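Step one of this worksheet: look at the structure below.
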Amino acid sequence: MALSKSMHARNRYKDKPPDFAYLASKYPDFKQHIQINLNGRVSLNFKDPEAVRALTCTLLREDFGLSIDIPLERLIPTVPLRLNYIHWVEDLIGHQDSDKTTLRRGIDIGTGASCIYPLLGATLNGWYFLATEVDDMCFNYAKKNVEQNNLSDLIKVVKVPQKTLLMDALKEESEIVYDFCMCNPPFFANQLEAKGVNSRNSRRPPPSSVNTGGITEIMAEGGELEFVKRIIHDSLQLKKRLRWYSCMLGKKCSLAPLKEELRIQGVPKVTFTEFCQGRTMRWALAWSFYDDVTVPSPPSKRRKLEKPRKPITFVVLESVMKELSLKASSLGSETAEGIVVVTTWIEKILTDLKVQHKRIPCGREEVSLFLTAIENSWIHLRRKRRERVRQLREVPRAPEDVILALEERKSTPKELSSGQDVAHSPQESALCGLDVPGGEAAADGGHCLSQKLLCQEETPEATEDERDEERGGMEAMESCKGSSNGAQDGEASEKGDRLDGAAGRYLFKCLVNIKKEAGDAVVEMHWVEGQNRDLMNQLCTYVRNQILRLVAS
C-alpha cells in the first residue's frame, strides 16, 4: 500500500511525485534506466542499484541543484524520505517561525557517502553541519560531494574512530551549542537480520528496493536499539550542549523500549513521528533537556484505512411520487410534491417504527435526515407477518365440491328476517372460519378452505411485497442477530433489542439523503456507526417496500 499521502506536509513530493518521463527526457543518464510498458507507462526497476542511484542523483540535481557521486558499494539514500527528516527537524527547532537569518547548527552522526542530510539542510535552510563518518570510503565521497557543491563553509566532514557518536566528536568544539543532531543508525545486529531471515514477518511482501549499504552502514552491535541507547547515554552527559537529539528508526518495535529508556532516565521532553514514502515506513525519536522548546505533537493514531462504502439506495419514480402526493391529499394532509412528499412519508414510517430522526441542513433540492435506531422494530413486524402467512399456509384447502356448493349458495341467497337464527352447515362454517361443534367430523369429511386464498383476494399486493421484502433483506436477516431461526431465537432477539433501548444504547446511526435526479427521487442511506451494517440494509428494504405498499393500496 502506498504511503505517500502520509508524507510530511511540506515535502515537495507529497502531492507531486517525480515525473520519470520528464526526467528521462531531460537527463540521458537517467533515461537509460527507465522502462516503458505496452501501455506507455514509464517505470523504474528499484532492485537495480544503478537505477536507484541514477534516480537519487537526478532528483538532487533537478530539484535542489546538487551534484553528487555515490559508490554502488555504499548506501544509496532515497530523496523523499530524507526530505521528511529535514522537515521534521525544522519543526523541532521552530525554523518556520524563527528569524531565517539566525545560523542554525546541526550534527549528522554517520553522514554516509552521499552526505545527503547536510547537503539538503545547507541548501534549503543555510544550516551549518558537523558531519561525522567512520568509514574511509564514505568519508572521502562525502568530502568530495561537499566540495563540488561549494558548501565547505557550511559543512564540515570529520573522520572519527569506530563507535564514536557525540562525546568524542564534540571534544574540540566544547563552547558551541548545537540546535540538533540527526542520525540514521545501522538497523541490523547481524547478517540474518539484514537478510530478513529472523526479523521480517513472513506475511510481508519482500522489499521493493535493493539494499547497497556497507557493513558499518547497516549493521552494528545490538542493532539500532543499542546504537540509539548509546546516543541517549551520551546525551545524558552532554545535556544542554544540544537543544534537540534525534534518531531515525527502521523498526517500529524499537520505538517503545527507547521511549521507556528516556522515561527511566528522566528526560523531560520527548516526541516521535513517522516518515512515509512509497511502501516504506520509518520512525523518528527526539528528546531535549530544555524547558523552553516547543514539542511537536506526535502523529495521531490512524485507524486502518477502509475502502469507502457506497450508500444503500433505492429510487422512487416520478409516477410513484405523484401517487404518494394523491394519497396524502386523500388523507387530509397538505398537498406536497417531489422529494417533500417522499420525505414526509419516510418520516411517518420512521415514526411508526419508533426510529429517532431529525432533519439536518443540506444543499438545495435535497433533504437530509439523521437516524438513530434504538431497537429493531422493523424486523418484529416482518416476523409477525411471516408467522401469520405461515399459519395461513397450514390451513388445508377445501374440496372443490364444497367450493361449488358455496358459490351456488351465494348465487341464490335466501331472504332472512332480522330476528331469525341462521343455521350453518359444518362445511359452510369451516369456510367462514367459525368454531363449529363437531368440527372434527367435518374435518374428517373434507378439508377446510385456505384462508390465505381469501387474504390474497382482499389484498393481492401484500403477499407480493412480502416476498420482495424477504428477498431484499434475506442476506441481512441471515447475518444479523435479530434474524429469526425459530421461536426461541426470535424471543431472545426481542429481549436483547429491548435491553439495548432500555440501557440508552443504540443499534446504529445513519444519514438519509433524499434528492431529486431527472424527475425521480433517490433515497440514499449512509452508514455512520453502530453494531451491524446489515441492520441498516434491513431498514432500507422495509422503508422501500412500505412506500410501494402505499401506492398499491
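Keep in mind that glycine also has a Cβ here, set from the backbone N, Cα and C atoms.
SER429 is the residue among SER152, SER235, SER429, SER479 that Swiss-Prot describes as phosphoserine. Between THR101, THR463, the residue that has phosphothreonine written against it in Swiss-Prot is THR463. Cross-referencing THR102, THR164 with the S-adenosyl-L-methionine binding residues that Swiss-Prot gives (ARG82, GLY110, SER114, GLU133, ASN184) picks out THR164. For the residues SER297, SER425, the entry in Swiss-Prot flags phosphoserine at a single position: SER425. Listed recorded positions: THR164, SER329. The one with the lowest count of other Cβ atoms within 10 Å of its Cβ is SER329. Around the Cβ of SER114 (S-adenosyl-L-methionine binding site), the same chain contributes THR56, ILE68, ILE70, LEU75, ILE76, PRO77, TYR141, ALA142, ASN145, each under 8 angstroms and 6 or more positions distant in sequence. It is 76 Å from the Cα atom of ASN184 (S-adenosyl-L-methionine binding site) to that of SER329 (phosphoserine).
Annotated pair THR164 (S-adenosyl-L-methionine binding site) and SER329 (phosphoserine), C-alpha to C-alpha distance, rounded: 89 Å.
Through the fold, the region 'RNA-binding' (17-20) approaches residues 4, 34, 42-44, 55, 59 of its own chain, all at least 6 residues removed from its boundaries and within a Cβ separation under 8 Å.
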